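S.K.: Per Swiss-Prot, the features are:
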ACT_SITE  H22  active site, proton acceptor
ACT_SITE  H65  active site, proton donor
BINDING   E50, D52, H65  divalent metal cation binding site
DOMAIN    17-255  domain 'GP-PDE'
Amino acid sequence: MSDGGAPTVEFLRHGGRIAMAHRGFTSFRLPMNSMGAFQEAAKLGFRYIETDVRATRDGVAVILHDRRLAPGVGLSGAVDRLDWRDVRKAQLGAGQSIPTLEDLLTALPDMRVNIDIKAASAIEPTVNVIERCNAHNRVLIGSFSERRRRRALRLLTKRVASSAGTGALLAWLTARPLGSRAYAWRMMRDIDCVQLPSRLGGVPVITPARVRGFHAAGRQVHAWTVDEPDVMHTLLDMDVDGIITDRADLLRDVLIARGEWDGA
């Protein structure tokens with residue numbers, strides 16, 4: 001396996017494949033993005049998890065994918081129009097409530113957390129938690145929005161790992177002429193890794209040539225969200241640096257079979 005270039009940020013310094021549990025591991029009974037799911041991933045030996053952060057109306061960074069609360073949690077509405085004192089009462093099922101980002105970083109101090117900032121209102125609350133927990137070395141900031149990602153990086157007082165937003169990735173993937181390719185690399189100058197789907201609309205996105213190209217530029221390549229063992233093997237054979245999965249149990253089995261599991 002290539003090292004994808006020497007990582008300059010602690011988050012990516014691992015020495016092996018990065019196995020990342022997407023919103024934790026449910027064990028087929030726990031809600032995604034719950035503290036129980038994160039703890040299940042830790043029990044499996046995972047050292048990396050991916051999660052989503054939004055903010056309540058009063059500025060508390062919470063672990064939540066969708067803006068609107070799901071039916072059946074005992075509360076309705078958009079999380080950014082509700083205060084934390086109310087959101088904390090929502091029940092996700094299996095005895096789980098909505099955790100805060102600070103809950104997660106505090107409860108699992110050795111876990112590295114890939115944070116997808118889902119809304120502009122969550123930027124400052126996320127930054128404040130990272131600063132308060134001094135968690136710069138164990139978080140990665142990502143977002144589908146380049147504007148959100150870059151604003152978070154500007155507000156943080158220390159360097160953190162970052163993955164490319166959709167705009168930067170599209171610029172790189174569609175660049176053809178030399179001038180366009182130079183622009184694409186400028187778009188990605190402040191990122192440490194790319195996190196890509198293996199396929200998009202049936203078209204391969206991660207290819208051996210692209211993996212080699214990103215490695216040559218010193219960027220790691222992480223594939224998401226991969227739940228099939230045969231696809232995991234194919235991507236690992238392409239030399240991807242990490243895989244993000246809903247099936248942490250299967251990824252663990254695949255890495256064990258390849259002799260590449262070291263507690264993720």
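Cβ coordinates are placed from backbone N, Cα and C, and glycine is handled just like the others.
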S.K.: Counting every protein chain present, what is the number of Cβ atoms, excluding its own, within 10 Å of the Cβ of E50 (divalent metal cation binding site)?
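M.R.: 24, counting other Cβ atoms within 10 Å of E50 (divalent metal cation binding site).
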S.K.: If you average the pLDDT over the domain 'GP-PDE' (17-255), what number do you get?
M.R.: 94
S.K.: List nothing but the one residue from H22, H65 whose Cβ has the fewest other Cβ atoms within 10 Å; the candidates are the active-site residues.
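M.R.: Each of the active-site residues H22, H65 was scored by Cβ atoms within 10 Å; lowest is H65.
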S.K.: Could you tell me the C-alpha distance between E50 (divalent metal cation binding site) and H22 (active site, proton acceptor) in angstrom, no decimals?
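M.R.: A Cα-Cα distance of 5 Å.
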S.K.: Other than its own, how many Cβ atoms are within 10 Å of the Cβ belonging to D52 (divalent metal cation binding site)?
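M.R.: 22, counting other Cβ atoms within 10 Å of D52 (divalent metal cation binding site).
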S.K.: How big is the gap, in Å, between the Cα of the residue listed as 'active site, proton acceptor' and that of H65 (active site, proton donor), rounded to a whole number?
M.R.: 12
